[in-house]
Amino acid sequence: MWWFQQGLSFLPVALVVWSAASFVFSYITAIVLHHVDPLVPYISDTGTIPPERCLFGIMLNVSTFLGMATMYVRYKQVSALSPEKPKILRLNKLGLTLGWMSCFGLCIIANFQKCILYYIHVLGACLTFGVGSIYMLVQTVLSYLMQPELHSKDIFWARLAVLLWSCSSILSMFVSSVLLYSGLYGQNLVQKLHWDPQERGYTPHIISTISEWSLAFSFLSFFLTYIRDFQKISLQAVVSLQGQTLHESPRSFRAEEQALLIAGSI
C-alpha cells in the first residue's frame, strides 16, 4: 500500500496538489496569451480574462469542496481523540466553523473576479486568508494542547512555523498593498495587468504580489502537515433503512423492521 493510500491521507494530498495546479495552470495560460507579465503577477490577475478565468474558477470550486472535506475529517478526528476534554472540543468546533468560512471565501474568489466585482473579490480574499489564518492558529493551539499524548512536538512546531510564515506574508502584503493603492502612484491600479519596472509603484507592487504567492503556498503547506495524521483515520457511512420500500411513510413501520443496509468505508 502506497503512503497516500493509507487512511484518508489522499484528502490533504488532493487539496494541495489540485490547488497548486489551479494557480500554475491559470498562470501558464495567462502568460502564453500575454494577458499578464511573466514576473510574479497577482494570483487573481491570472484568473481575470477568459479562458484562464474559466479554468481558474472551476478548479478553485473543486478546491473549495476538497478543503471542506479535509477540515471536516480533521474535526471528526480531534473529536474522536479527545471526547472528554471540553476545551479541546470547543476549539475544535470553532476551528471547523472558521475553516468552512475560509472555504466560502475561496468560492467567492473563484466566482467573483477582481476586475468585475472588486470589493466582493476582496471580501472573499479576507475570508480566505484572514479567517483562514485564524483557523490555522486554532489548529496549532489544538496541536499544542494534544501533545505529547496524541500529537508529537514536531507536528506542533511545523504548524507553528507555517503559521508564522503565513502571518508574515499577510503583514507584508497588507503594508505594500496599502502603500500601492494609497494614490501616491496613480489611480485605477486595481485594473492594471501590465507593469513596467521603471514605473513608480513597481517595487511595492512586486512586494505585494510575492507576498500573495507566499501566503497562498503557506496555506497549502499547512495542509501538508495533515497527511501523517490522516493516515491513521477512516470514516464509515451507515445508512438505516426506515422501511422495505421507498414509497411508504416511515411511520407505518415498526422499529423492529428497520434494517441496516450499508456499512462501508468512505
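Glycine is no exception: its Cβ is also placed from the backbone N, Cα and C atoms.
According to TrEMBL, the domain 'CWH43-like N-terminal' annotation covers 8-233.
The transmembrane segment annotation in TrEMBL covers 12-35 (among others).
When Cβ-Cβ distances below 8 Å are used as the criterion, the transmembrane segment (55-73) is approached by residues 8, 11-12, 14-15, 18-19, 21-22, 25-26, 29, 46-47, 95-96, 99-100, 102-104, 106-107, 109-111, 135, 223, 226, 230, 233, 235 of the same chain, each at least six residues removed from its ends. The transmembrane segment annotation in TrEMBL covers 55-73 (among others).
Under the heading transmembrane segment, TrEMBL lists 94-112 (among others). Under 8 Å from some Cβ of the transmembrane segment (94-112) lie the Cβ atoms of residues 44, 47, 56-61, 63-64, 67-68, 71-72, 74-75, 78, 120-121, 123-129, 131-132, 134-135, 138-139, 142, all in the same chain and six or more residues away from its ends.
For the transmembrane segment (118-145), the residues of the chain that approach it from at least six positions outside its boundaries are 44, 71, 74, 78, 85, 87-88, 91-92, 94-95, 98-99, 101-102, 104-109, 112, 151, 155-156, 159-160, 162-163, 166-167, 170, 190, 215, 219, 222, judged by C-beta separation under 8 angstroms. For 118-145 (among others), the entry in TrEMBL reads transmembrane segment.
Marked as transmembrane segment by TrEMBL: 157-182 (among others).
For the transmembrane segment (202-227), same-chain residues at least 6 beyond its ends with a Cβ under 8 Å from one of its own Cβ atoms are 3-4, 9, 11-13, 15-16, 19-20, 23, 39-43, 70, 74, 129, 132, 136, 139, 155, 158-159, 162-163, 165-166, 169-170, 172-173, 176-177, 179-180, 185, 189, 195-196. Look at TrEMBL and you will find 202-227 (among others) tagged as transmembrane segment.
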In the same chain, which residue numbers or ranges, 6 or more beyond the ends of the transmembrane segment (157-182), come under 8 angstroms Cβ to Cβ? 129-130, 133, 136-137, 139-140, 143, 189-190, 201, 204-205, 207-208, 211-212, 214-215, 218-219, 221-222, 225
Restricting to the same chain and to residues at least six past its boundaries, which positions have a Cβ under 8 Å from a Cβ of the transmembrane segment (12-35)? 4, 41, 43, 45-49, 51-53, 55-56, 59-60, 62-63, 66-67, 70, 193, 213, 216-217, 220, 223-224, 226-227, 230
